[in-house]
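In what follows, a single structure is set out as structure tokens and then discussed.
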Amino acid sequence: MHGLLLAGLAAALPLGVAGLPARQQSGLSPRGIDINPYRFASMAKYSEHKATSQMVHSFSYSKDDDYVATATKLVKSTFPNMTFRTVKDHYIGTNGIGHVHFKQTAHGIDIDNADFNVNIGRDGKVFTFGNSFYEGEMPKTNPLTKRDFADPVKALHGAIKTLKLPVKPQSAKAMPMKEAETFMFEGTSGALSEPMAKLVYIQKDGKLHLTWRVETDVGDNWLLSYVDSKETETVHNVVDYVASADYKVFAWGLNDPTEGQPTMIKDPWNTTGSGSPFTWHGDGEMDYTVTRGNNIAAQDNPSGGGQWENNYRPESPELSFVYEYNEQMEPEQYKDFAITQLFYTTNTFHDLLYSFGFTEEAGNFQMNNNGKGGEGNDFAICNAQDGSGTNNANFATPPDGQNGRMRMYTWTTAQPSRDGDLEAGIVIHEYAHGLSNRLCGGPANSNCLSELEAGGMGEGWGDFYATAIRLKQDDTRETDYTMGEWAANMEGGIREYPYFTNMQTNPYTYDDVEGMSEVHGIGTVWATILYDVLWNLIDEHGMSKNIMPKFVNGAPSDGRNLAMKLVLDGMTLMPCNPNFVQARDAIIDADQALTNGQNKCALMKAFSK
């Protein structure tokens, strides 16, 4: 990790990544289509707070401007000859920082991987910013004038053929939507929803390429395939959105059945803050007597199909979800318990993240946003014992306003099989994909962890939150934790090394990233770094045993929750498709915004190891 600090402020340029991790990584990754050959190259730049303060001290802004106007002026002054649009997902976070996102355009057509994010401080001045705008030669003619490109149906056929998608186009017809050059395909089968196509540019190899962005949700992969607008069997790049009452449950903080016994918990939303004003079983219009509410719909899905509305859920008119589990039972025998556990874990994590700032405006997963901004109608669909796979899990994160989807599988690595729903770390890891994909680049853009290093950090954030939440009061920085050990029945877990601050047990440093070409290995390095961050802050501020943090002047008063808050706030600051150095700078900037930099030394020490 020493290289991460030494990389310094010059890290506005992307880092190169190549090679393979030392050990075969397993679990918690989408099955099916390998998108690694099609990932976008890293192009983002990030101006951290200190550099931004020096750079924009003479920037002209008016005290009468709101934060969106100030952000817009910065983009115009930085790229005066470029065209762009404001993405409609700006908001002010709980730390007082305003977040505004912009998409570059050419001839009125989006450049899909060209983004600019501006973060405005409480004083109305630019706090930090990042961008991946295209600075090369623009197309001289508007492609819509001559329409010298293939129709979207050919692009759909090209994506299916090239990527071997399990979609049958049959008599596909492209039906125009309200948005210009956007189409929905009718007459197909094999996808969970109707495929879509939109005409967009992408930047690649220093040039702009006109493409059809073909969207196909095939379950284990929810893909945006950028098909060349003329040579429709050429797929330039691919983005995958999947990354994947009374309750008798394993209580919050118990990672799996080896750590304790199920207990009775009554009305848990009363102890989890303001994130669920309708309780966990209502959405402001409907009250449910099953494992469904404003935040989560949890059900079984033995067929593995895309239908979920009418799938089985435990039901109790008295809201008494009390079911039995023992380790000799097969998963099917305790599905009521498993669905209830999944419902409990995801709702609790939703409410915890809400307290940290993953709110309606920030793009969280809720049916009813209760007039607080954001798109709504996008609670998380959580499938227990999903029959589409085994020994894994995934979470699909489309943009704000579309449902997130979690698929939890059974694990055949033990006899009897084990249910991943009972390992909280796996559930938290998957839901954290929804968090990071909604926050990085803004809630309207789910493409901002699509590059290799950024995607690796997406995996690392999941492991970080899973590990931070399972810490016990008597743990010390000499305590190590694994991922997936119980479900996989694998001593040492499914990662290369356990998370530990001692380099004799976990020798990973930032320099190891250079030899990796797989997101889970990269994620293990990132989570290892964040585990040091976590313990440095706990050593400074202690660790609360409460589920929800206590806030003092807007910041959690204990180290564990402060670490989780700073990591979350950092996601909102960093550019689309960040690298390690930019993410590090964003976390340090998040501390500057939240505590006036009180924890900079502890953070820098962790990043310099």
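Here the Cβ of each residue, glycine as well, is placed from N, Cα and C on the backbone.
Going by Swiss-Prot, these are the annotated features:
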- 1-19: signal peptide (SIGNAL)
- N270: N-linked glycosylation site (CARBOHYD)
- H429, H433: Zn(2+) binding site (BINDING)
- E430: active site (ACT_SITE)
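With a cut-off of 8 Å between CB atoms and residues at least 6 apart in sequence, the same chain places nothing near N270 (N-linked glycosylation site). According to DSSP, H433 (Zn(2+) binding site) sits within a helical segment. For E430 (active site), the number of other Cβ atoms no farther than 10 Å from its own Cβ, over all displayed protein chains, is 30. The number of other Cβ atoms within 10 Å of the Cβ belonging to H433 (Zn(2+) binding site), over all protein chains shown, comes to 26. Taking the Cβ of H429 (Zn(2+) binding site) as centre and 10 Å as the limit, one finds 28 other Cβ atoms among all the protein chains shown.
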